[in-house]
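The next block holds one structure in the form of structure tokens; read it before the comments.
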Amino acid sequence: MRSRSLLLVALATLLLHASASASDDDLDYLIDNADDIPANDPDGWLQEGSPDDDDDDDLFHHGQAQDHPIDETHVFLLSAANFSDFLASHRHVMVEFYAPWCAHCQALAPDYAAAAADLSPLAHQVALAKVDATEDTDLAQKYDVQGFPTILFFIDGVPKDYNGARTKEAIVSWVNKKLAPGVQNITTVDEAEKILTGEDKAILAVLDSLSGAHSDEIAAASRLEDAINFYQTSNPDVAKLFHLDPAAKRPSLVLLKKQEEEKLTFYDGPFKASAIADFVSANKLPLVNTLTQETAPSIFDNPIKKQILLFVVANESSKFLPIFKEASKSFKGKLLFVFVERDNEEVGEPVANYFGITGQETTVLAYTGNEDARNFFLDGEISVENIKRFAEDFLEEKLTPFYKSEPVPESNEGDVKIVVGKNLDQIVLDESKDALLEIYAPWCGHCQELEPTYNKLGKHLRGIDSLVIAKMDGTANEHPRAKPDGFPTILFYPAGKKSFEPITFEGDRTVVEMYKFIKKHASIPFKLKRPDSSATKTEKDQSTASTNLRGERSSGTNFKDEL
């Protein structure tokens, strides 16, 4: 292998002696070269000010202008500078993470402001606020904001997703429910017996008093958990009914799950709302969870992010599910065990495709969750001991991740190189070349709009041997050094620096802007190769395209489709 240090020295020498710069290039060639644009080019260049020079995607531009100014008097504007202090001084806070250009955020704005006004008499209990996620990107990343608007409701600093309707009435109603007493009192054995016979799941706290600090913590925890009822009692006979020692130190708490082998789970952590809510969220689910559209939110929003998934066809489930369930008992509170019916077209097929699983063979897979989304496959026989060993190695970070990939293309001679998971190292991470990589999704409208422009960029730069222009289908391929942040994501990998994080392109998606970006960050200087002028003149004479073209049409703004 070529020495990396020698390569860096060589690159540094090239940089010191290079006299060319981006400003030396004749960029008019990139702007005004109408000769290579077909008359029917859907991405055709337009004159500035042309009535057609707008973005066709009204998802982002519709409704930008408001008929009337919005009174946001009661909406607090938060930033990284005041966010933590504001949450510390307000027990209940609803926060909208928005982007100024987002049409859905603009549509929400009047309802959100009206909801804040309606709730203003309860200012001592709740506040509505907003954060510009395009400015405070660290805050958005901290709270895993992946689309706009994202609305979170914080209780004692603990966030909970708001997934209700984006109307004033829905927001006000939802918040009022969160502010209402979330815990019910049990004072008699008869009341307790009704709970035991009538509810599949319940939380019971045994307290010295049904009011005070401990009761407040239980009430706050109940507001963080929608799917289970919370109860409190000071009656020792009720405690006995739930197998709690009435003489034991209070407060104490137990989770009832009638449908499970282990029907009672006792809590021994700090008596704080967030800790209690985490305990409930981690323990309310069964040992093995069947993935359906209804159960998906509770599975993937669970505080336990790491999962072991069993993919098996329906008629084989009776053989493998008991094995899977037995293995799961050793990892309660550490891992979620999830059963996926492989031949279920509604859920099984798309989930299997997401993880790159083909065929109908029974498969056990470990998944790290949405933060880094690494997958690991169990090799060998599916047995209790093998699954347990696999899960233990997963927790101890001893496994090698799997990354899905399409087959390497047999021919790859185009101006834009086709990258898949298996050949990214050879094409993009080649230390001797600068590389620009677009990660796209076939269904993404912004990717489709970018394609003609990106192809033109590849065509203009095809004669530069030190530079690679490439693209990869991010829905069918994965690589640890190419992680998309929405689609399209455009990443630049400078030569000699492939061990560093790639540089993300955030500018307008035009040939000129992408060219300037490459020129700025390229390790190996290059000069734009303009085609022969006589050939250009001949092509222009044959073209019906306008000769007075000023700018290439593109989305113009760095919009992305969500993952």
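Each Cβ is built from the backbone N, Cα and C atoms, and glycine gets one as well.
The shown structure was predicted, so the numbers you read here are calculated from the model rather than taken from an experiment.
Feature annotations, reproduced from Swiss-Prot:
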- 1-22: signal peptide (SIGNAL)
- 40-64: region 'Disordered' (REGION)
- 46-180: domain 'Thioredoxin 1' (DOMAIN)
- CYS102-CYS105: disulfide bond (DISULFID)
- 394-523: domain 'Thioredoxin 2' (DOMAIN)
- CYS444-CYS447: disulfide bond (DISULFID)
- GLY445: site 'Contributes to redox potential value' (SITE)
- HIS446: site 'Contributes to redox potential value' (SITE)
- ARG509: site 'Lowers pKa of C-terminal Cys of second active site' (SITE)
- 529-563: region 'Disordered' (REGION)
- 560-563: motif 'Prevents secretion from ER' (MOTIF)
Subject >> Neighbour count (Cβ, 10 Å) for CYS105 (disulfide bond) >> reply: 22
Original post:
Quick one: Cα separation, GLY445 (site 'Contributes to redox potential value') versus ARG509 (site 'Lowers pKa of C-terminal Cys of second active site'), in Å?
Top reply: 14
Original post:
10 Å Cβ neighbour count around CYS102 (disulfide bond)?
Top reply: 19
Subject >> From recorded positions CYS444, HIS446, CYS447, ARG509, the one whose Cα lies nearest CYS102 (disulfide bond) >> reply: HIS446
Subject >> Rounded Cα separation (Å) that holds between CYS447 (disulfide bond) and CYS105 (disulfide bond) >> reply: 22
Subject >> Per-residue Cβ crowding (10 Å cut-off), top of disulfide-bonded residues CYS444, CYS447 >> reply: CYS447
Original post:
Which numbers of helix, strand and coil residues does DSSP report for the domain 'Thioredoxin 1' (46-180)?
Top reply: 48 helix, 29 strand, 58 coil
Subject >> the domain 'Thioredoxin 2' (394-523): DSSP-derived helix, strand, coil residue counts >> reply: 33 helix, 26 strand, 71 coil
Original post:
Once the chains shown are all counted, how many other Cβ atoms turn up within 10 Å of the Cβ of ARG509 (site 'Lowers pKa of C-terminal Cys of second active site')?
Top reply: 23
**OP:** Around the Cβ of HIS446 (site 'Contributes to redox potential value'), how many other Cβ atoms lie within 10 Å? Please give the count over every shown protein chain.
**Re:** 24
